[in-house]
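Data first, discussion second: the structure below is written as structure tokens.
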């Protein structure tokens with residue numbers, strides 16, 4: 001059973017509590033308390049699976065564990081507020097190293113004025129850092145991946161493939177020179193959640209948002225499926241930092257499409273609101289790029305199409321592309 | 001560094017968000033959203049540390065992981081509402097077994113009309129089940145361990161030492177006959193959070209509450225420290241199920257004082273409200289027993305006193321007692 005069918009199997013069809021606005025199925029859950037919408041999400045990092053001591057210092061482990069959760073809040077359009085940390089500590093992590101993990105979280109928490117309000121500390125065989133975050137949003141202003149509609153402009157913040165490039169460098173699989181190496185390492189270890197950009201969009205009526213945690217191919221397919229629309233993306237328009245643009249395409253393309261962990265925001269808005277998105281980007285000093293458009297789907301299962309050198313192919317969740325002449 | 005000094009080291013002195021009513025330092029955290037108080041807590045169970053396949057089926061692992069969290073909500077006086085599950089799955093747990101873990105949670109969730117609203121599923125070397133719960137409470141009705149005052153009556157729900165007796169039996173360290181064995185096993189595997197009893201107390205002005213997760217000695221010391229009062233407990237009055245009462249005292253006493261994991265509620269109320277507590281117990285079909293009283297402390301660090309066969313001793317957090325003639 002893969003992760004997606006597993007999630008389907010545990011997902012409730014009906015919720016007991018009428019205050020649940022969004023359960024399983026987006027970047028975070030949403031419930032309402034007296035006209036205040038509360039966003040919550042949990043993300044877990046396991047040593048040897050999501051990070052290794054080879055590629056991250058303890059400080060980065062903490063920073064990143066909180067950052068990926070804040071990114072989920074950004075993708076819901078929420079203001080970060082609180083977090084809780086459940087940590088499994090193995091014998092081979094010293095008290096000083098665990099302190100560093102918390103320092104990494106506190107560094108980022110301070111930036112967002114987030115409070116550590118609870119948690120649990122237990123022992124085990126491998127380090128597991130599980131962070132629960134809470135954010136606040138005005139009523140009905142949560143941003144869902146199911147909100148895309150035909151005619152929308154598709155956009156993405158920042159640049160893609162950077163975190164993967166950083167990881168490849170740290171694993172010794174690819175070499176970059178000093179300046180580029182430092183840039184990519186930073187993007188892998190200390191991603192920058194797009195909170196202020198998402199908040200700048202709050203005045204807009206309808207915005208679909210997803211954060212790029214598993215690669216844009218995966219996130220685009222999630223929006224297509226949740227909104228029941230087709231997405232059309234132009235490969236040449238996907239934003240790449242100059243260091244990446246210089247690489248051979250066969251090296252760079254998989255990183256851009258499915259490298260993941262860039263924690264940028266992929267979204268869509270009605271075409272009339274595209275100018276407002278550009279203003280929001282400017283106001284929050286965030287790069288934003290129009291990368292395609294949203295159309296009606298003719299299929300039961302919607303698709304994401306990728307245009308590249310004027311050839312049209314299907315972009316699968318995995319980042320794999322294949323030509324479909326008939327579409 | 002022990003767990004308590006570690007928790008002190010990560011605890012914030014000041015909170016950025018004015019909506020935080022209680023951060024680290026009680027059974028759960030409390031924040032306010034538009035005059036609705038929201039309670040949240042996270043508890044993590046690790047295979048080989050908190051349970052083993054020897055003593056629990058997968059269904060019990062799930063049931064218990066949610067039950068201990070609901071017990072935290074009960075200890076705050078909250079109505080359970082939602083939960084999220086972060087699970088680390090190792091190779092040696094089959095999909096069918098993981099389904100059973102979730103079935104155990106769903107069984108209990110249904111009873112409390114709680115919704116599973118999110119989570120994370122990752123792989124790792126050992127099973128880790130981390131549950132975040134959410135509960136609701138009217139403004140200023142959260143029950144803190146810091147609310148005990150001199151003159152209060154001290155009480156506990158249910159009976160003590162049962163969960164430890166169940167564990168001893170399952171580990172083959174102690175033998176019980178069929179009926180007693182079944183009772184103790186049930187108390188260990190499927191504890192019964194005292195939610196309805198705690199809710200019946202909602203009309204009372206002031207109630208201190210703590211759930212008995214680490215043994216009554218530990219919880220009593222937490223109330224004494226948080227409320228800055230001395231607690232006086234009569235050993236003979238501590239409620240024991242008949243099966244336990246028959247055992248030698250040297251076997252039974254450590255289970256009763258520090259066995260832990262009974263998930264009963266230890267609390268205190270002004271003497272004038274003791275009749276109301278008894279009515280609440282009757283209305284929720286819960287056994288409640290007066291076990292002592294609360295007095296002013298003369299010490300910088302307050303103490304818990306245990307009276308046993310008319311001898312007075314200090315009851316330490318660990319359950320260890322020692323005579324103090326001078327007090």
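Glycine too: its Cβ is placed from the backbone N, Cα and C atoms.
Unlike curated records, TrEMBL annotations are generated automatically.
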*In TrEMBL, B:27, B:211 are given as binding Mg(2+) 3, so which of B:72, B:152, B:162, B:262 is in that site too?*
B:72
*With H, G and I counted as helix, E and B as strand and the rest as coil, say where DSSP puts residue B:50 (substrate binding site).*
coil
*Can you name the binding-site residues among B:43, B:50, B:102 whose CA is within 10 A of the CA of residue B:72 (Mg(2+) 4 binding site)?*
B:43
*Should residue B:102 (ATP binding site) be counted as helix, strand, or coil on the basis of DSSP?*
helix
*Who sits close to residue B:213 (ATP binding site): which same-chain residues at least 6 apart have their Cβ under 8 Å from its Cβ?*
B:68, B:71, B:219, B:260, B:261, B:263
*Residue among binding-site residues B:120, B:211 with least C-beta crowding, 10 angstrom cut-off*: B:120
*From the centroid of the CB atoms of B:27, B:72, B:211, the recorded Mg(2+) 3 site, which same-chain residues not already listed sit within 8 A by their CB, in sequence order?*
B:26, B:28, B:41, B:71, B:73, B:74, B:75, B:76, B:210, B:213
_Is it possible to list how many residues within the domain 'PurM-like N-terminal' (B:25-137) are helical, extended or coil according to DSSP?_
36 helix, 48 strand, 29 coil
*If we take B:50, B:72, B:119, B:120, B:261 as the binding-site residues, which have a Cβ under 8 Å from chain A?*
B:50, B:119, B:120
*List only the single closest residue to residue B:145 (ATP binding site), chosen from the binding-site residues B:27, B:43, B:50, B:214, B:320 by CA-CA distance.*
B:27
